[in-house]
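Data block below; observations after.
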């Protein structure tokens, strides 16, 4: 069961002027499920993205990078689930481009104005006949208020759709943002089997939009982990249609800061939804490391704790075996760390003080916190002013079962 994750309600998801979303049941891997999504984007919109750092990146990621760099103006996105089109060689690359060609032909745009995305099983070729047959019905039911159905159509091992909206006032105009995400396993973005899409009706210059998507990714999708694996297909895309009339043409000033905060907070909500729905997750842990020399070492330590199977299983068992956290801090790779200055809290419970057990710590207090569904682990390094936060989940028996049964 997801951790404190209510189902999104269609009425709470706001249309974004200039964006229409349509889905189809193409039977790419399983019958009778939404598995193709087409997103139509108004002419004149700007689009920016960040993608997986996995060197074995999937064919659609390569095509996305090419088409974004082409500067023709993106007019459509196409996403399929059930097949990652990764590890598929030249045939997979040709299939990704053929998908763009087919959608472009039906929409009357150029092929390099389409961004393709895939998620699912690696090392299998796309069933192109089924995928291409799904494009026309997806286009036919494209509507501005299809955000919930869109979220459903990009799910793989997710147990529920992930979608959210925001509005923000910029220069006296109401700016709307809506987004969807998917992912439940192989999540340690940089990115990881994670897709995220946010659209806004602000008018944003392309370089500014790229700065926005990069900042939002660093503070959201690149700050979560479920199992430490980095996928071949991760993508996070930001669309700005300009339909609200609120214009942002430089990466500073109050208007930029307001939109950056809105985009980042929405991305954080979508990213945390992924962790809350992590495969087999029963708890959400916030790992906050402070007092570091720089953000990089804080994040390095936070990820060491978040990735530790011993830490994650202790949280699953509600077992306050908290020396495991200190051990992870110690092997994180910060060679000049003075462990005698390290302090550790679970929520408001001070567990370790100056590198050792806090004399006032009682295990029953740690046990009380460990039984909660949401827990904050705070680690103070005592060597600077930098900080970083990572979100993760526990590791349960169900994680093994879900992944063992994934292809069956």
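Along the chain as shown, the residues are counted starting at 1.
Using the three backbone atoms N, Cα and C, a Cβ is placed for every residue, glycine included.
According to Swiss-Prot, the active site, nucleophile annotation covers 193.
Taken from Swiss-Prot, the feature substrate binding site applies to 156, 182, 193, 279, 403, 408. Residue environment of residue 182 (substrate binding site) contains 26 other Cβ atoms, counted within 10 Å of its Cβ in all protein chains. Reduced to three states, the DSSP call for residue 182 (substrate binding site) is strand.
When other Cβ atoms within 10 Å of the Cβ of residue 279 (substrate binding site) are tallied across all protein chains shown, the result is 24.
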